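Asks: Among the features that TrEMBL reports, active site, proton donor is placed at B:Glu413. According to TrEMBL, the feature substrate binding site maps to B:His35, B:His266, B:Arg359, B:Ser386, B:His463, B:Asp471, B:His475, B:Arg522. Look at TrEMBL and you will find B:His75, B:Gly124, B:Pro125, B:Leu126, B:Gly163, B:Asn192, B:His266, B:Phe439 tagged as thiamine diphosphate binding site. The Mg(2+) binding site feature in TrEMBL is assigned to B:Asp162, B:Asn192, B:Ile194. The domain 'Transketolase-like pyrimidine-binding' annotation in TrEMBL covers B:356-528. Residues or ranges marked as site 'Important for catalytic activity' in TrEMBL: B:His35, B:His266.
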Protein chains: 2
Amino acid sequence: MNAPMTKSYDMAERAMANAIRALTMDAVQAANSGHPGMPMGMADVAAVLFDRFLSIDPSDPKWPDRDRFVLSAGHGSMLLYAINHLLGYADMPVEELRRFRQLGARTAGHPEYGHAAGVEVTTGPLGQGIATAVGMALAERMANARFGDELVDHWTYVIAGDGCLMEGISHEAIDMAGHLGLGRLIVLWDDNRITIDGSTELSTSTDQMARFAASGWHTIACDAHDPAEIAAAIDAARQDPRPSLVACRSVIGFGAPNKQGGHDCHGAPLGAEEIAAARGYLEWTHEPFVIEPAVYEKWRGIARRGAEARREWESRRDSHPQRAAFKAAQARGGLDELTAAMADYKAQLLLNRPKVATRKASEMALAVVNATLPDTVGGSADLTGSNLTRTKDMRPVRRGDYGGRYLHYGIREHGMAAAMNGIALHGGFRPYGGTFLAFADYCRPSIRLSALMGVPVTYVMTHDSIGLGEDGPTHQPVEHLASLRAIPNLLVIRPADAVETAEAWEIAMASADRPVLLALSRQNLSTVRKDVTENLTARGAYPLLDPGDRQVTLIATGSEVEIALAAAELLAAQGIRAAVVSAPSFELFAQQPEDYRAATLGAAPRVGVEAAIRQGWDGMMLRTGDGFVGMTGFGASAPAPDLYRHFGITAEAVAATARNLIEE
Amino acid sequence: MNAPMTKSYDMAERAMANAIRALTMDAVQAANSGHPGMPMGMADVAAVLFDRFLSIDPSDPKWPDRDRFVLSAGHGSMLLYAINHLLGYADMPVEELRRFRQLGARTAGHPEYGHAAGVEVTTGPLGQGIATAVGMALAERMANARFGDELVDHWTYVIAGDGCLMEGISHEAIDMAGHLGLGRLIVLWDDNRITIDGSTELSTSTDQMARFAASGWHTIACDAHDPAEIAAAIDAARQDPRPSLVACRSVIGFGAPNKQGGHDCHGAPLGAEEIAAARGYLEWTHEPFVIEPAVYEKWRGIARRGAEARREWESRRDSHPQRAAFKAAQARGGLDELTAAMADYKAQLLLNRPKVATRKASEMALAVVNATLPDTVGGSADLTGSNLTRTKDMRPVRRGDYGGRYLHYGIREHGMAAAMNGIALHGGFRPYGGTFLAFADYCRPSIRLSALMGVPVTYVMTHDSIGLGEDGPTHQPVEHLASLRAIPNLLVIRPADAVETAEAWEIAMASADRPVLLALSRQNLSTVRKDVTENLTARGAYPLLDPGDRQVTLIATGSEVEIALAAAELLAAQGIRAAVVSAPSFELFAQQPEDYRAATLGAAPRVGVEAAIRQGWDGMMLRTGDGFVGMTGFGASAPAPDLYRHFGITAEAVAATARNLIEE
């Protein structure tokens, strides 16, 4: 029994595809772990896509005008690794395929951005790839609007599975892409009718073509094993001005004669016997991991075509009138100018000492940021007037008009976060976007990916405590600061006043390799800082008030810093010397030298103050026996001052806790 | 200028609706905070729904066969409070409306389950209501399949806004409801074309009717201010066997002549002047908070009708052959039987001492649970074979055949969690459902609501550490235990062996007022427990090994307990007396008496061991200076044993840490 001939069989492309299949079977078998089903099912589609359409240059994987290929169904990582090996990526020799899923190999279980060249985004958590790709395709159009076709003219292709399309984030992504008319986005759906549990009939009956069409997409279907049909479908997708869904009717595990079409080949090695059967079925006579030169040659031709396109692009760029601006955007430049502009702004703050919410202070700082850095792109998940993320003259991005700098992301926190990842990964822009801090939960999988990938996006999370008042416990973050500080490589900053907020924005804009999350108050806060000679927020924590020979140290963040200061005054009136430490960022503080940390926190008893749970304070800021004034459970619905009193987060309570510690 | 007459104006229903409008305006104004737009826009729809269709009994708010009304657009809470006041709920006198959003009032900013009668689910985080309602409508059909039309025959109605339909969770909910054919679910969409940022044209262009149709829903539109059209649409929805979307074309803030139709009336008081204008426009001449007797009378008629239906139902129930089983399911009974069955099972475990993954141990325990408790309903978000959530003879629930006990939730963690909330809120079932622990992030907003509402659902989260191996950092929980322990009122249990896993299931099944999350290993673990006379997991932490006069205490959870035991052996060989404490649940341990906690943890130096970050250990388990062996960042892709060595989570490392502490 041999693999069925399709009506427009292309020997060369079938061989290209079979190389993916063979490498996948062999690598998964060697690892005794992995997912052969998807790479084998979509190998023909991938071969046609790369052979006939994709423009990338493995010798310059970061070429800005390359097409983006996103493997949203990340468990099929061997598809990507096999392709990157065949294309000749320098970091993907066959030895890496042999070490698939082993410690230290570039061939991680799921594709990881930064871990191997040619991986555009970390995928595996389903739906993230397609939603990130929306941001990439959007960034392409935004960059095109700024720099024209000569410099920016590429496509974003996605391979997505049923899982990606069942996840909720896909709805947010699809609606957003359709609304913005992202015609450069083409999603190749691995329509294999199989999920881990079995047939898709077990769990879904959505007509995906109709669903995408309802959100303004072009849709077309093809036989995923017929190169001519595949090519015709991708051609049609490129012709249509709308984003496109190509339903690729595929057989999962295509080529494994006894397992293909079933869910058994999704996530486990095929086994030696079935691999031998597949080699017969596919008429693939080579030893494991061996590819014949003619097949390599065909794949390397794609690489040469891409290198040629990249060189032509470089010539265009070098003679382009906007080349300097283009390079600056790519390099995330302008930081010197920002430092200078912020210095003036912060000096004014010291004079004016505004009493504003830090969300308002964020808007004020953003006015400076956005006037200085042309590559910022703001937005909000439908809370623009609450997050205060849109500064003057920020024109919205709309379908067909991508020159603006503001995105109405809609009520789509998850889609927003993933799109921001995509914008940042694409390059050329510094994205920031807002929602309420409580709704960080809605976009947490994408925030985690920002951190895991180390992409510099800025989350503007306002209404950061019970201080938001009447909206009540569903909207009041209590555990969110702890849960966000728990995410490795995420920089959480909770500024106490307008100066710290400005400093936080400087840190966020300078960040090159990690995301920054700002937790901002709804309620007005006094300016507490006395000088602006150093960005003290970058220290993570610093003494705001130090009476010398302190008897107690009050450590607070954000809106509770002014409560700590008031407590220190109460204590002073009772003859007790209290230092106050403002601690806007635990992560930045943890990076300081040990002696700085010890000196800042002091040896005296400590009281932490934060309108949130204590988790995360102990070990970092507090020692056994130190005190804490904060929350122990969910909030309530009432005006903010009532809530602070009700939950005992007051200067009096802080002073009392301090006195008890001193007297112990 | 007066409110426009619609073609089928019903004076009485318009007056019923205007009562909602007036109370909303007045309460929001009194609070100087709140959302008048939605209640005023949907007042006519609500009046018709309640007047002509809804069957509830305010004198018995928990009547099992009542219709469920879910206000998914929870910011419009005054719609519900006004209705509940007008219907005569005993806990909703007009004084509560006057105290809208004030501390201690039942009229919280968003509807909170358990805070006021007649609130079926806590809403506010958008999309949760509609997704929870899917669970309710599903539970209705499942109960109907068990007990028949005589006992179970009711409807689930949802009012949802654009925000609910833009959130990703709505996709998961809609697909699930369409697939399962939940014809008793009717969603009334407040199609007002307004979001907070402005027109929906800013952010979406999805054709919602087409979208729902693509997922197998019946759809129909109506003028939201024409009672006859509304009634006809709801009638048609009830006739159709599919779940129904009724697009209610509404004017936001209907009745406020100068603000209606715009986003300004969404989330802020109308102001005295506009309220006066609205009173003229609506020809509503009463003082604030005053409702004329005839209008009360009309609303109270609904309550009387419901009370009559409830009494008739009670007669049917009392003479029903299955009345005992029905009552037992409602009461979450069977715990004595479970205790007995589990005692036998655990005794066998002590004899057999299986070496199995705790996910496998969970399946084994579930075999006992499911054989003993007929009201459990299992499921998985498409990871049945990995989560091991389906025990023998568990038949899947399918469209038209709701007698089964297993749900293929699809790749929809968020929808699953919300549906489980709905099943538990509906009553009659104990839902549990599985996914990977890393994907707790995908359903975190619903887990938080489980905890905030205090509903007893069980999350079965497997693959709970780097121990899952090759799938790599996207799939490896590192910060998840900390971030879940941070959620107030969520019980996290990470059992160490088959005995603790069985005990964890006993705790979960007995829980009446809080959700339980089980963190379970992929890798095999030895049976470490020596006796089963007491459910020691219920203690949260307990000594597993105590040499007497201990020099160090090793505290571990889950898969790291056997590492701690091995470390104790290494230490013993070096003449060091180490106690080992198994700590499956920090929350349960925190509830123990202080002396129990002190005795368990001891005075000697301590070392915590968990393949996760340290956050959450300090303060609870560890003191300043104590040691910890665990993770400090993201994981990696490799076989599990390699990862444990790579990250230094080994018996040798634990022993070395202990020795260093003792020698300090």
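Using the three backbone atoms N, Cα and C, a Cβ is placed for every residue, glycine included.
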Asks: Near chain A, which of the binding-site residues B:His35, B:Gly124, B:Pro125, B:Leu126, B:Gly163, B:Asp471 can you find when the cut-off is a Cβ distance under 8 Å?
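Replies: Near chain A: B:Gly124, B:Pro125, B:Leu126, B:Gly163, B:Asp471.
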Asks: Given the Mg(2+) site residues B:Asp162, B:Asn192, B:Ile194, which other residues of that chain have a Cβ within 8 Å of the mean position of their Cβ atoms, reported in sequence order?
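Replies: What remains near the Cβ centre is B:Gly41, B:Gly161, B:Asp190, B:Asp191, B:Arg193, B:Thr195, B:Thr200, B:Ser250, B:Ile252.
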Asks: How long is the line from the C-alpha of B:Gly124 (thiamine diphosphate binding site) to the C-alpha of B:His35 (substrate binding site), rounded to the nearest angstrom?
Replies: 12
Asks: By the DSSP assignment reduced to helix, strand and coil, which category contains B:His75 (thiamine diphosphate binding site)?
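Replies: B:His75 (thiamine diphosphate binding site) sits in a helix per DSSP.
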Asks: I'd like the Cβ neighbour count for B:His266 (substrate binding site), meaning other Cβ atoms within 10 Å of its Cβ, all protein chains included.
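Replies: Excluding its own Cβ, B:His266 (substrate binding site) sees 21 Cβ atoms within 10 Å.
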Asks: Does anything in the same chain, at least 6 positions from B:Asn192 (thiamine diphosphate binding site), have a Cβ under 8 Å from its Cβ, and if so what?
Replies: B:Gly37, B:Met38, B:Gly41, B:Gly161, B:Asp162, B:Ser250, B:Val251, B:Ile252
Asks: So of all those recorded positions, B:Leu126, B:Gly163, B:Glu413, which one's Cα sits nearest to B:His463 (substrate binding site)?
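Replies: Checked the recorded positions B:Leu126, B:Gly163, B:Glu413; minimum Cα distance to B:His463 (substrate binding site) goes to B:Glu413.
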Asks: For the substrate site made of B:His35, B:His266, B:Arg359, B:Ser386, B:His463, B:Asp471, B:His475, B:Arg522, how many Å separate the two farthest Cα atoms?
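Replies: Max span of the substrate binding residues, Cα based, is 48 Å.
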Asks: Find the one among the recorded positions B:His75, B:Pro125, B:Leu126, B:Glu413, B:Phe439 whose C-alpha lies closest to that of B:His35 (substrate binding site).
Replies: B:His75
Asks: For each of the binding-site residues (B:Pro125, B:Gly163), count the other CB atoms lying within 10 A of its CB, then report the residue with the highest count.
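Replies: That would be B:Pro125, with the highest Cβ count within 10 Å.
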Asks: Restricting to the domain 'Transketolase-like pyrimidine-binding' (B:356-528), what is the model's mean pLDDT?
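Replies: Average per-residue pLDDT within the domain 'Transketolase-like pyrimidine-binding' (B:356-528): 98.
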Asks: To the nearest whole angstrom, what is the C-alpha distance linking B:Arg522 (substrate binding site) and B:His75 (thiamine diphosphate binding site)?
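Replies: Here the two Cα atoms lie 41 Å apart.
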Asks: In terms of Cα spacing, which of the recorded positions B:His266, B:Arg359, B:Ser386, B:Glu413, B:Asp471, B:His475 are within 10 angstroms of B:His75 (thiamine diphosphate binding site)?
Replies: B:His266
Asks: If you measure every Cα to Cα pair among B:His75, B:Gly124, B:Pro125, B:Leu126, B:Gly163, B:Asn192, B:His266, B:Phe439, the residues listed for thiamine diphosphate, what is the largest value in Å?
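Replies: Maximum Cα-Cα distance: 34 Å.
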Asks: Among B:Pro125, B:Gly163, B:His266, B:Phe439, B:His475, these being the binding-site residues, pick the one whose CA is nearest to that of B:Glu413 (active site, proton donor).
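Replies: For B:Glu413 (active site, proton donor), the closest Cα among B:Pro125, B:Gly163, B:His266, B:Phe439, B:His475 is found at B:Phe439.
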Asks: Return only the integer: C-alpha distance in Å from B:Arg359 (substrate binding site) to B:Ile194 (Mg(2+) binding site).
Replies: 47
Asks: Take the C-alpha atoms of B:Asp471 (substrate binding site) and B:Pro125 (thiamine diphosphate binding site) and report the distance between them in angstrom, rounded.
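Replies: If we compare the Cα positions of B:Asp471 (substrate binding site) and B:Pro125 (thiamine diphosphate binding site), the gap is 32 Å.
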Asks: Just to verify a number: CA distance, B:Phe439 (thiamine diphosphate binding site) to B:His266 (substrate binding site), in angstrom, no decimals.
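Replies: On Cα coordinates alone, these residues lie 34 Å apart.
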Asks: Out of the binding-site residues listed (B:His266, B:Ser386, B:His475), which are within 10 Å of B:Gly163 (thiamine diphosphate binding site), Cα to Cα?
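Replies: Among B:His266, B:Ser386, B:His475, not one has a Cα sitting within 10 Å of that of B:Gly163 (thiamine diphosphate binding site).
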Asks: Here's one to test understanding: among the binding-site residues B:Pro125, B:Leu126, B:His266, whose C-alpha is closest in space to the C-alpha of B:Ile194 (Mg(2+) binding site)?
Replies: B:His266
